[in-house]
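This report refers to the structure that appears directly beneath it.
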Amino acid sequence: MLNFNSIYKFYYEWWKNLDKALFVIIMFLFSLGLFFSLVSTSLIVSDRLDTNNYFFFFKHFIYILIGIIILVFFSSLSEDNLFKISFYLFFTSLFFLFLIPFFGTEVNGSKRWLNLFFLPRFQPIEIVKPFIIVFIATILCSEKNFNIYFKYLLTFFAIIPACLLLMIQPDIGQTLLIFLAWATLVFISGISLPIILIFFSFTLISLVYMVFFISKFAYIKSRILSFFNPSDGTHNFQSDKAIDAISSGGFFGKGIGEGTLKNRVPEAHTDYIISVISEEFGVVAIVLLLILFLFFIYTVFKKIYLEKSEKIKLILTGTMCLIIFQALIHIGVNIRLFPTTGMTLPFLSYGGSSIVGVSILSGIILNLTKRKID
Amino acid sequence: MNDKKNNVTLEEYENKFSYKKSKTNLNIEFNRIAFIFFLFLAISIIYSIQLLHLGSLKIKNENKLLSVKKNYRADIVDRNGNYLVKTVSSIDIGINPTEVIDKKKLLINLKLIFPNKDYIDISDKLKKKRYFYLEKKISADNYEKIMSLGDKSIKSEEKLTRIYPQKNLFSHIIGQIDDNNKGISGLEKSFNKRLKEKREPLQLTLDTDIQYLIREELVKFQSIFRSKGSTAILMNVNNGEILSMVSYPDFDLNKREVVNDLNFINRATKGVYELGSVFKTFTVAAGLEEGLIKTNTEFLNLEKKLKCGKNNISEYDNKIPSDLTVEQILIRSGNIGSVRIGQKLEIEKLKSFLQKIGILSKINFDIEEVGVPIPFKWGKCKLATVSFGHGITTTPLQLAKAYGIIVNGGFEIQPSVIKKNSENNQNQKRIIKKGVSEQINEILRKIVTTKEGTAGLANIEGYEVGGKTGTAEKATVGGYTRKAKVNTFVSIFPTSKPKYVMIVLLDEPKTSEDYIYKYKNKSGSYKGTPFNTAGWTSVEVAGKIIQKIGPILATKYKEN
């Protein structure tokens, strides 16, 4: 009885202060992912792996259940506890990321997964991402009277290990994502504009140098070149197929289950889910999805406007940017505005690590947008 | 209770106070956050535009891959729409062993897709670290499968393949392309740009059926007369459309060989020959055109031999009478008579006539492999030899054009293998006087029908064949050789209103001992070739060809 009462109380407290609009958006996005998984993508993977037709839908469903538990857990923590846990989890996940070069599993040419005997196979970077934001925000908001530029330098050093570890995988998409999120945080924390300009031009030059003169990144070069020269050969196989799929879907799509891309492109259910959806439901569906994401960020930013704590402002912006940047990169790759990078679409793509990662992000967002009990 | 409340408010104030001090040194401005939002908004708008663009792409070009467009090369069809050349894009799959990550896994995957390959060999190749082709012209199914492996070491190369369903039939006209989709000979070269830029097939005036039948005869007689090569051209005299152009020996375009042997040249357009007596028609026509002679003009006391410089001009046939009319000169192919007509014409008139009908200079044609008639200096002796077709060279194509003009009523024509959409035969330019054609046609018909004529073997019933033979000895170093001859027969039909001119040229035919001739103008047959002259070789071939293609021409092309 007491037990039940405490659960009820916990639930009540959690629900009472929750930003319901955000919660609904997040749940809606998750269920959209489940829906697409049910009607279109699940069958492909099952076909390929020769399992029960809805095996992957169930797996996806279970991941989402786990995700929701994680989401509730993170959103119900007190702020202090959240920061504390994030701090520890940041280092733990970074440690896992660090293990990849030694114990990582290679899938399709990139070593991005960790397959430890006591854990299911996962991509540590998805776990690192949310906490790195909290970590950066913590450093930036440190009240020890440091010079602000010294703080920027510290945060830069904080992301360097993660970035380096990602680059040796190699996973340029995620590196870019983390770098962009960091740059956004630095930008909104009030750095003067000339410095931003200088810094960005510097990074741009070094990136160009890296891509064109370091052999390990030759694959990026070839992707970029084939991206700018789309008619050159067929080596841009996936991207060609994705574009064909979107075009063949037209404005309103071919209809549920009618798409063919999912059978032709490897990883269609993760890296090319937008094309799969677009082929079956039309580009209009994707435009609506974009609007939904924009509404999501709008709701969060509105909350930031009323927020007083600088740290919370930073974390909310950072986490939100991670989600939106990832979504935009994913869609951009699908519609051929970006060269190919293996990036999932938050909330919608299949994949345990991705769902868990995005659950943590939304948990943090829901936590920090809770009604404050003064 | 009250106390507690007060406490809380106090704390709150304290908090606010401490924020104002901003120990963090940060300066978070909301407008920068808003800026981020608008950045996302802008990107989303760009995305939406791109998405809508992609969505609307469907209507314009369905199922046309982006990659195919650049490498396109239009098909070529004959006048009836049969494919002579078709472009098929094929994909080769190669493997770059240096990029292989898991060799075992790759081999297992490949085994699943291609169970019948020699995997010991492939494994060896993988060890050698050099790029190699796994499968050429892969099937669409296997392509999807192998690309779905997502292995970076697997490379696909799209290649354009030209398929020639008619194999050898049009080898000289169509020509070849190199590996970079660039035409290197024939129409592939001269129409390279057109074939690349326009999607619709290029339509030719050629007729596959007729081409096939003509080639078949040439091949058959090649073994009978053992000639070095042969060529035949069939052209519509009224509009210059070439229905068939065969040059033998030919080659299979599908094999993509490098052809260097000179014997494989396009004899119809590139071969420059001294054609002999067929030129006598020009001499007579020129005389009629200038009004210097009539068909019944008599030339009396013709010598049997004539000496001009160090060359002797004599008759082929010693039994030829010494008094001949113009008509008889042409029918019996009299050399001396022709010389007399030529002398009556004089250099300027004969020269300008030959110029007019396009014999002397290089012809402008649809393919670039065109021979240039050997230039020479006109003189008294040259005039004499040119009058009966010696000491002057041209290509069979130009011969066809010249005869076309002479027999079609005197209208300028431009031989072509490209089908023109609009048939503007109305504004044809007359270059030979009215009436000349009719007179010539009558004589040409008599060459075939009369006993004295040299082309009796081509008198196929029902087609009103007319024509002129030409036997020329091949010029060698220091004179002519009796053995190596070029035998030509120019046939036109029907002579009452000519529609077609057909050239049959045999390059160095030999006599055949057991070929049986069936006489056309008298009963009986004759075994063995008495002489390797046009009357016994080219005429026979032409007769056989007309027998075969006649019914097709008579029915299919009744209207035009």
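Easy rule for this one: first residue shown is 1, then count along the chain.
Just so it is clear, glycine is given a Cβ too, placed from its N, Cα and C backbone atoms.
Features as listed in TrEMBL:
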| type | residues | note |
| --- | --- | --- |
| TRANSMEM | A:21-44 | transmembrane segment |
| TRANSMEM | A:56-74 | transmembrane segment |
| TRANSMEM | A:86-104 | transmembrane segment |
| TRANSMEM | A:124-142 | transmembrane segment |
| TRANSMEM | A:149-168 | transmembrane segment |
| TRANSMEM | A:174-191 | transmembrane segment |
| TRANSMEM | A:198-220 | transmembrane segment |
| TRANSMEM | A:281-301 | transmembrane segment |
| TRANSMEM | A:313-335 | transmembrane segment |
| TRANSMEM | A:347-368 | transmembrane segment |
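Only sequence-distant pairs (6 or more apart) were considered; of these, fewer than three Cβ pairs between the transmembrane segment (A:313-335) and the transmembrane segment (A:86-104) are under 8 A, so the stretches are not in contact. Highest Cβ pair count under 8 Å relative to the transmembrane segment (A:124-142), across stretches A:56-74, A:86-104, A:347-368: A:86-104. Taking every listed stretch (A:56-74, A:174-191, A:347-368) in turn, the largest tally of C-beta pairs under 8 A with the transmembrane segment (A:149-168) is reached by A:174-191. If you look at the transmembrane segment (A:347-368), the same-chain residues 6 or more away from its ends with a CB under 8 A from one of its CBs are 18-19, 22-23, 26, 29-30, 32-33, 36-37, 41-42, 45, 56, 59-60, 63-64, 66-68, 70-77, 79, 82, 86, 120-127, 129-131, 133-134, 269-271, 273, 277, 289, 300, 307, 312, 315-316, 319-320, 322-323, 330. Only residues 6 or more beyond the boundaries of the transmembrane segment (A:86-104), in the same chain, are considered here, and those with a CB under 8 A from a CB of the stretch are 111-116, 124-125, 127-128, 130-132, 134-135, 138, 161-162, 165-166, 168-169, 364.
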